[in-house]
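What follows is a single structure, written as structure tokens, with notes after it.
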Amino acid sequence: MGNGECLEGGRKAAVILTSSRHAIAFTGAGISTESGIPDFRGPQGLWRRFDPALASIDYLNTDPKGFWEFYIERFRVLNNARPNKAHLALAELEKLGIIKYVITQNIDNLHQSAGSINVIELHGNYTTVYCMRCKTQYPFTLALRKYEEGENPPRCPKCGGILRPNVVLFGEPVNEINRALEIAALSDVALVVGSSLTVYPAAYVPLVVKEHGGRLIIINLEPTDYDDYADVVLHCSASEALDLVLNEVKGIMAAGN
């Protein structure tokens, strides 16, 4: 999509958002690639290089040492990442009263780092770990330090149980999905950013908005199966598209005052 098409799509999206009553953002891995975090299913995606089974609860239970060897490198990448313009734009749209919730599939904590307040994390957050035995929670940096000191798997200082990341692994339920779907059913606009809408049940969230008579905006570099279902589609980078949308929203709001 060229700059002209992105600009036109950004304007249309801004009009929809400024006229909304309760808009939500739904974000996937594509919003964080510009922060240096690889996505999962793209050409350089994580699951093209590694077996997804390495991120399963079964693997953690059967080989916690191997699990941590795989995850520690990914967590180091997350720990070094910083919010990009797309995260910052969503946070500003929330401050302007446009976006009511950010519902994310990501575990990278970048929405909170950018200043978003109402964030629902469907798949958890990498910044904490907890003991599989006593459930005591600790900062991820404690597990990282223990691992770097040669303790693999890292263990709970309190009871000696194995520590695990506070994220949803393959084979585990998505506990926050019901809350997200309830919010979606009350919303009139879903702004999808950086998601191919192929991972369920998470992908149901923006679709519920549309099914309840709301509007659907999709910002994703690659086409999705729901592009024809959407009201506006922008095949642009997340930061470029959201920068356009934010500026257009500000212009519309200024003109209305």
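Cβ atoms here come from the backbone N, Cα and C positions, even for glycine.
The domain 'Deacetylase sirtuin-type' annotation in Swiss-Prot covers 3-252 and rests on sequence analysis. What Swiss-Prot records for ALA29, THR33, PHE40, ARG41, GLN105, ILE107, ASP108, HIS123, SER195, SER196, ASN220 is NAD(+) binding site, and it gives sequence analysis as the kind of evidence. For PHE40, ILE107, ASP108, the entry in Swiss-Prot reads nicotinamide binding site. Annotated active site, proton acceptor per Swiss-Prot: HIS123, in sequence order. Positions annotated as Zn(2+) binding site by Swiss-Prot: CYS131, CYS134, CYS156, CYS159.
Shown here: features listed in Swiss-Prot, placed on the structure.
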{"residue": "ALA29", "record": "NAD(+) binding site", "CB count, 10 Å": "23"}
{"residue": "GLN105", "record": "NAD(+) binding site", "CB count, 10 Å": "21"}
{"residue": "ILE107", "record": "nicotinamide binding site", "CB count, 10 Å": "23"}
{"residue": "ASP108", "record": "NAD(+) binding site", "CB count, 10 Å": "24"}
{"residue": "HIS123", "record": "active site, proton acceptor", "CB count, 10 Å": "19"}
{"residue": "CYS131", "record": "Zn(2+) binding site", "CB count, 10 Å": "20"}
{"residue": "CYS134", "record": "Zn(2+) binding site", "CB count, 10 Å": "11"}
{"residue": "CYS156", "record": "Zn(2+) binding site", "CB count, 10 Å": "21"}
{"residue": "CYS159", "record": "Zn(2+) binding site", "CB count, 10 Å": "12"}
{"residue": "ASN220", "record": "NAD(+) binding site", "CB count, 10 Å": "25"}
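Counting Cβ atoms from all protein chains shown, SER195 (NAD(+) binding site) has 26 others lying within 10 Å of its own Cβ. Note: the Cα of CYS131 (Zn(2+) binding site) and the Cα of HIS123 (active site, proton acceptor) are spaced 18 Å from each other. Reduced to three states, the DSSP call for CYS134 (Zn(2+) binding site) is coil. Taking the C-alpha atom of CYS156 (Zn(2+) binding site) as reference, the shortest distance to any of the binding-site residues ALA29, ASP108, SER195, ASN220 belongs to ASP108. When the alpha carbons of SER195 (NAD(+) binding site) and the residue listed as 'active site, proton acceptor' are compared, the span between them is 14 angstrom. Apart from CYS131, CYS134, CYS156, CYS159, the Zn(2+) site neighbourhood in this chain, defined by C-beta within 8 angstroms of the site C-beta centre, holds MET132, ARG133, LYS135, THR136, ARG155, PRO157, LYS158, GLY160, GLY161, LEU163. Here the Cα atom of ASN220 (NAD(+) binding site) is found 41 Å from that of CYS134 (Zn(2+) binding site).
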